[in-house]
Amino acid sequence: MKRNHDFSSSDSELDENIEVEKESADENAGANSPLGSMSPSTTSQVQARKRRRGIIEKRRRDRINNSLSELRRLVPSAFEKQGSAKLEKAEILQMTVDHLKMLHAAGGKGYFDAHALAMDYRGLGFRECLAETARYLSIIEGLDNTDPLRIRLVSHLNSYASQREAHSGLGHLAWGSAFGTPPSHLAHHLLLQQQQQQGAPLARSTSSPPSSNSSSPSSSSPSAPSTEPRLSGTVISEAGQTGPLRVPPSTSLPPGLTPPTASKLSPPLLTSLSSLSAFPFPLSAFPLLSPSSLGPATPSSSLGKPYRPWSMEIGAF
């Protein structure tokens, strides 16, 4: 009896082998029969089995092609090369094996952390959007690879994607820990500002201890106007003075009254600010405010224009 050697890997492989063996047996029986030919019903069954085999084989090939397309989209190295040239199936499988080896060598680091996994998929999505943007510029807008606008835009997006990938390895902080420290740090200065306005009508330093706010208004000294730390060139006024007093840029303040700079911020604030660099929005959209500018405006009529750095950043949102 003729044996079947079909090496199909479909789900219904066993049924297909059984059907082929029956078909071969029917053919052999028909050849050895005295009539020497098969009946019409047997011929129709054989043709139906052949058609069914073709459908099963087509489904198997479609499933393989769909899986290869998913691998080409998910593997970073294969995804970056899909726009330049058509990848063969062997190349896609090889890149997948290399990617899995790299993950195995790294011990699966990052793929057990939900935040790191989301950041990884975000990078893949950004790369996919970058490829779609380049395709749109070339097909719809008609910009070739030598166009300066296309070169500038694509290089900017590539550099941004590289920075995102570099910043994703700084530390996996949640959104709450990244934004938890600055509000508490600023709330301390707001509390001091409220105590200052309730205790004395004169402007006082927010960096001074709260015990200095309990002094009477009549004990103000000539150095009282300079106790309010502001940025250089801003107005420092007092309720009893008739004209504003400006601090030149070269004026040196006492060590305890220096304006807050990025190098003298508290370590938790610096840590939270450094963690913010891993997120998409720039820090320039949120300028550091001086503590004295966070309180409500004083009723003095000699105050200059209020310090509002956010008015220049409204367009960023």
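Glycine is treated like the rest: Cβ placed from N, Cα and C.
Motif 'YRPW motif' is the annotation Swiss-Prot gives to one range among 159-162, 171-174, 307-310, and that range is 307-310.
Per DSSP, the secondary structure of the domain 'bHLH' (48-103) breaks down as 48 helix, 0 strand, 8 coil.
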